[in-house]
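Written out below as structure tokens is the structure these notes cover.
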Amino acid sequence: MRHTALLPLVSSFIVPALAQIPGQTTVNATVNQGRFGNATYDYVIVGGGTSGLAIAARLAEDPSLSVAVIEAGGYYELDGTVASIIPGLAAGANVGTDATEYSTVDWNFQAQPLTSANDRSLRYNRGKTLGGSSARHYMVYQRGTRGSYDQWAELTGDESWGWDSVFPYFQRSVNVTPANMTGRFPNTTVTYDPSGFNKAGGPLHVTWPNYGSPWSTWIEQGLEAIGILPDTDFNTGTLNGSSWAPITINPLSQKRDSSETSFLQQSLKTTNLTVYLHTMALKIGFDGTTASSVDVRSPVGRFTLSARREIIVSAGALQSPQLLMVSGIGPRETLERHGIPVVKELAGVGQKMWEHPFFGITHQVNLVTATELAINQQALLQALNQYKSQQGPLTSAGFGVLGWEKLPNSTLSDSTNEALATFPSDWPTIEYLSIDGYLNGWHSAADQATGNGQQWGTIAVALVAPLSRGNVTISSSDMDDPPVFDLGFLTHPADREIAVAAMRRIRQAFAAISEITIGDEVVPGADVSTDEELLDFIRESIVPVYHVAGTCAMGREDDPEAVVDPQARVIGVNNLRVVDASIFPTLPPGHPQSTCYMVAEKIADLIKKGN
């Protein structure tokens, strides 16, 4: 039985109430809207997403500079549903991986069939809105390990990308508010290291929701029973243990905080930043090998935006390489196949794609989880009433506790250990996620109403040291044609072995909290027991965490696979940078929004200093 009629109820009930919530950002619908027609700016930024709005806002702080942002979408608060705003409805906002799923604030891309996962083709979330994917994800804010960024320094030949050097840029973007324990249960106490943050940081808010789910408290116990200790910190360079996850929400309103509600809204109050809404970047124009303009299409027609100084591409890890390729930068064979004149041959464009896949185990449980909101209208009404006072389960994004573990070498084969040796020693192998509901592949939000009134609890794992790589390419010279991308899940044998080992670890954690489970394991089921059976289940249920990165990788200029240099400048051309997750040399363990902001802060600082 599935209950799918509750979201309209949410909209009709909560929309009038949003205006009453303190700390709400008023949407500035004019956003210093650029006039549709040819224009020239000092900096033209393609993409108003996580990194794009951050770097735009920082550059616009200089009153002598003119800065324009090209964004294909609009405001998610206006174009989307309230599920984009309320953390507890994020699952409904994100929709699922089925091809029939659709969001008005998303590109709704479809990945190529997964050759090592039963040829499943998954719909893939990418924000088509101001804020980009910071308006779409589950808001987790945590940083990678010290070693992961020190490895960036090694790969780029630039020590300024090491942990000690990038740490201040992490701090610059955010301000942290300690958890308000008034509405949280006593056993949901938050522990963190304040030294990870700076009181002068901002404008992005980081805090903890005013609700900690009972399910997550049990996950914390289960993880501790298998050696994953609680009360660790996620933002000072170590990921080893579990804790309540900090998320990017406004501490007063308990609403999502994105690059739009933070960086853009602050910038609109103090600068002359110009934003072109619902405007599609079609092609970068060059004078020889110097980037000079961007051809765009708006609701009223096509025109050209020229840049006196630089064009900065921040279109995300799928569309930044796509835009480079349709503009003449990329693998020669690809460009020539589509009749695109070669401006600069760069074989690495679109290659070395990283992503974190995840899957998990679900049990029926004897406590109330977020499942109740999907199957019980009265419970949802009660939660909505609580949310009007910034309390209750809708302040939380459907999870609470995250955990990290580096699997012992003794549990893995020599070949897998050898493959994992390419990662720094402090890099965890897997991340545990406490999901307050049902998971068996992420088909749609209606998954949460599976069954006949049961309460579900899931422990999921993400492979955060993946060895499989994907790629993205183009099908034509037209940006209107979606990018063609292969996530590459499970193509490396080490990932398959680690995935099976992770499933067995989840079962050990569940065994330690058996007093709250009802009956046998539901997903995948107790009869799925051999390595082969577990791997078959993983192939059929593995889904992305939407952390795609690395497709315009940063590296040394003599690295044949590098696309940008350590200053994010596209190699071999002038006045063109890429600033988003596509330039990550590796994808640090965990959730990348913190690193997207850090990269934007660092490159903005370099530009301001004349580099």
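Quick reminder: no glycine exception, Cβ is built from N, Cα and C everywhere.
According to Swiss-Prot, the listed position annotated as N-linked glycosylation site out of Asn175, Asn471 is Asn471. Annotated FAD binding in Swiss-Prot involves Thr50, Ser51, Glu71, Ala72, His137, Tyr138, Met139, Val140, Pro592, Gln593 plus, out of the candidates Ala39, Ala60, Ala581, Ala604, the residue Ala581. The 10 Å shell around the Cβ of Met139 (FAD binding site) contains 23 further Cβ atoms across the protein chains shown. Counting neighbouring Cβ atoms within 10 Å of each of the recorded positions (Asn240, Gln593), the lowest count belongs to Asn240. DSSP assigns His137 (FAD binding site) to coil in the three-state reduction, placing it in neither a helix nor a strand. Of all the recorded positions in the list Asn272, Asn471, His547, the shortest Cα-Cα distance to Thr50 (FAD binding site) is found for His547. Checking Cα-Cα distances from Gln593 (FAD binding site) against the recorded positions (Asn180, Asn187, Asn409, Asn471, His547) with a 10 Å cut-off leaves His547, in sequence order. Spatially, by CA atoms, the recorded positions Asn38, Glu71, His137, Asn240, Asn471 include one closest to His547 (active site, proton acceptor), and that is His137.
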